[in-house]
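The structure appears right after this line, and notes come after that.
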Amino acid sequence: MAGSNCTQATEFILAGFTEAPATQISQFLLFLLTYLITILGNLGMISLIRASPPLHSPMYYFLGHLAFVNLCTSTIITPRMLAGVLLGKKGITYAGCMAQVFTFDLSGVAECFLLATMAYDRYVAVCHPLLYPLVMSPERCSRLVTGSYLLGLTNGVGQTIGMSSLFFCSSRAVDLFFCDISLLITLSTSDTTLSLVILRTSSFLLGVPSILVVLLSYVAIISTILSISSAEGKRKAFSTCASHLTTVSTFYGASIFMYLIPKSDTSRGREKWAAVLYTVVTPMLNPFVYSLRNQEVKEAWRRLRKIKRAWM
C-alpha cells in the first residue's frame, strides 16, 4: 500500500502563472479588479432582484441564485490566488485544498443545474406561454433550486470522500492556481481507482443530464421561434433567451475545454487561461450580460435610481 511507507502531504504547492515580479504585479491588479467587479455585480444583481417587485418572477428567482453561486465560485478561488501572488506564498494546506475541492465541486454542479433549470424555464415561456404560470409555480421553482443545491452537495461530498482516500508522497505541485480534483488524482501515489470512478460517474450522471436539458430546451425554442411568422415576434421571443444563451455558451465552452479536451504539455498555458475564464471571468460577466441585454433589468435600475434621487 502506498500509504503504509510514506508520509501524507500536509500541503500542496499551487503553481500559479508566472514568477516575473512585473507580471505578477499586473496580474494581481487585474485579478483584484475582476474580483471586486464580480462581488459588486453579483451582489448588485441579488439586491436588485429582491428590491424590485417586477423582477419577482421565476427567471429572476433563478438568476438571483445563479449570482449567489457565482459569488461562491469566485470567492473560493480568487482571494487565495491573490494572496499567493501578493505574498509569494504558493503553499496551501491539505485541509485548505480539501475545502477548495468540496466547495468548488458543489458550486460547479449547482451552477450546471441552475443553468439547465433556466433553460427549461425559457422553454416553457416560449413554447407553452399559457401554461407558464402553472408549470413554473413558486413551489416548483423552489424545489428546482433546492434540487440543484442538493445535487451540488452530493457531488462535493463524493469528490471529497474520493480525495480523502488518496496519498500524496512525492510530487505535491499542482500546475494550476487552485486545487482541481482531476490534477490531484494524477499526483497521488496510491490507488486512484475509487477517485476516478467517483469522478467519471458524477461527470456522467450529473453533467450529461444538465447538458441534455439545455440542448433539448433550445432545440424546441429555436423550432418554435422559426415557426413564428412575424419578424418582430421572432425578435421578441429570441430576446428572452439571448442572455441565458450567452451565459450557457461561456460556461460550458470553458468547462469543456478545461475538462474534456485531451491534455498535453504544450496546452498547459491555454488550459490555465481556460480555467481563469471558467472560475474568474464568467462569474464577473454573468450579471452584466443580463443587465445589458435585458430591458426589465434596465428598467428596474432606472426605477431604483429615481427612488434614490427622490429620497435625497
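Here the Cβ of each residue, glycine as well, is placed from N, Cα and C on the backbone.
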Stated TrEMBL location of transmembrane segment, expressed as one of 84-106, 107-129, 176-198: 176-198
Positions whose Cβ lies under 8 angstroms from the transmembrane segment (204-229), at least six residues beyond its ends: 109, 112-113, 115-117, 119-120, 122-123, 126-127, 151, 154-155, 237-238, 241, 245, 248, 252
Best-contacting stretch, by C-beta pairs under 8 Å, relative to the transmembrane segment (176-198) and drawn from 28-48, 60-77, 273-292: 273-292
Same-chain residues at least 6 beyond the ends of the transmembrane segment (28-48) whose Cβ lies under 8 Å from its Cβ atoms: 55, 63-64, 67-68, 70-71, 74, 78-79, 81-82, 85-86, 280-281, 283-284, 286-288, 290-291, 297, 300-301, 304
